[in-house]
Amino acid sequence: MGDSSLPTGKEPVRLNRRRLLQAAGAAGVGSIAGCIGGDQDSGNGNSSSDSTPSDDADFVDQPFVSVETLAIDQMHFNSYNQDNFAYSPGYLVFDELIYYQADVSEYQPGIVTDWEITDDLVTLTVREGVPWHGGEEVTAEDVARKLKLGVYDGGTMGRFTSAESIEATDEYTVEVGLEVPVSEEIFLSSLKGDSMDVPEDPYQEILEDFEDGGDGVTSNGEGLADLTIDEPNGTGPFKYADRNEQELVLERTEEHPDAENINFPEYRFRYFENNQAQWQALQTGEVDGVAILHVPPEIHDGFPDEVKEYQITPNWGAGVIFDHEHKHFGQREVRQAIAHVIDREDVATSSGPRTKAPVDIPTGIPGNFEVDDEIPANDWLGDRVDEYETYEGQNTDRAADLLESAGFQKDGGTWHDSDGNPLQFPIKAPGGWTDYVDACQVMVQHLSDFGIEAEFVARDEAAFFGEDVYGDGFDVAMFQWTTAQAYPYFNFEFMLDSPDQTDVFKYPDEIELPPVGEPDGAEEPFVSADELEDLLTVETGSDEEAELVQRLAWAVNYDLPVLPIQETVDQSFVRTDNWDVVGPDDSDAQVDWPMTYLPRVGKLTAKSE
């Protein structure tokens, strides 16, 4: 298979009345309404179903086989507990509230088929005829339960509504009272990625405990983030059937309205420990597809023609996170010095020359793939773009000045603090994620050459998330800096004022910050929560919006709660020897993920030959 060209990115999506309003102006404002107005009774969930290859397709008795990197016998299906959550299978076991086509920046209906948003009220219409796998029909009460739990769990929706303001007004209608006006962009983005995965048992008991002023626990004392569910009561077109140590088996849910588009009986997830094992399985045909897999050029070029690649721009990227309570990394000068030493372009080139773009200016704004020789992320900075620190990398003189100002001295080629302790730390990342491994190894080399004793520590995926990141077991790690959202608000919220900011980064709620573009200016208190609240409700396209984005970007750029390193193009793969599937130019193939979403709309079907 030859090397396909790398997508160069898209115009950044601005906060406006429609998700698909682009920076260049309105583009097809009516298209969302058009796609929502499609025939939901067809079970298609998408307006483009008339071109599906599954029309009149015969049922074929063969499973679709994919991969899973978590231990099959340890995974569970409670999305609020990230430790061993069944991420990829969850896309099939549960329907999402809405779906998002990344290439055209359009939302598609899921459990929620229509929405109406005014200054003080959001009205959601629930899809009829979707069954819980336990037998009951999904209703507005279930959707209301999901939204309320999201508020109690600290989700974005809690910034503009309360659980008490969410109500099922009839069997298929949910109303959300707004405490402050928000745009459609903000509201729909707050639904993006949420699944209908909270059946009455056990989640109603948890919700009622929250409503009674408790911590959201069951009668057995299990909290929302601790609960594990081994056999899920789902809502998707495939349901849990069986598992052993090596394989999870899902079977087609015949009662689901999308089942008529699916002409095969099972979906299986087979355990593979790392990327290398997945490359081989794709190469040999042991598996039929992979949702997300980093494949370097030399491996990609060796794939047979039957392996079809899909590249999706997910507004997703990796960076360096710090424990801000650490005596060294809690110092701004140390974080800035590290940023000056690491060459982001070198890191991106080494970890993914086809699929990675270095962050141009670390501001926390996504959109770093070039478009017509421009960086879309920088559009938000306007005429002030040159006032932000670029941290170009390998600037050892500036890094040395910063460390010396923080009381460090270089002795014997190694930097030491005022107590004589060397500046040393491990950078942790999942050992099976080859792009993270490559990135960390390059960063370690840059830092070591400068005199910082860094080392890369590869961790098992479950240990990395469960013990290190969410178990308070790291000083420095490779982690996300994005939230898969194009609008800057969501990344700012994640880095500056989120549960991760508090519980993972240990980043303070208030910092001292000089004026934008004046690093030597007088510092004043900066409370990110206040700035975010203003950005949540500001008029879109206004000077005030631009000023707020630039101030929050300056907070990230100057204080570095997280050091953004690179953005990515996700790679997804499907083999075509036994499967008919649309190409990557089809917008339905730009929904997370082709191998899990396309079967729903009849665009990935088993060949009948």
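The backbone N, Cα and C atoms fix where each Cβ goes, and this holds for glycine too.
As given in TrEMBL:
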COMPBIAS  35-52  compositional bias 'Low complexity'
DOMAIN    106-500  domain 'Solute-binding protein family 5'
REGION    35-59  region 'Disordered'
REGION    346-367  region 'Disordered'
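Using a Cβ-Cβ cut-off under 8 Å and counting only residues 6 or more beyond its ends in the same chain, the region 'Disordered' (346-367) has close neighbours at 3, 6, 9-10, 12, 294, 296-297, 300, 311, 315-317, 319, 339, 375-381, 385, 388-391, 393, 435-436, 438-439, 441-443, 446, 481-482, 485-486, 488, 491-492, 495, 549, 552-554, 556-557, 560, 562-571. Taken residue by residue, the region 'Disordered' (346-367) breaks down under DSSP into 6 helix, 3 strand, 13 coil. As a whole-number mean, the pLDDT of the domain 'Solute-binding protein family 5' (106-500) in this prediction is 96.
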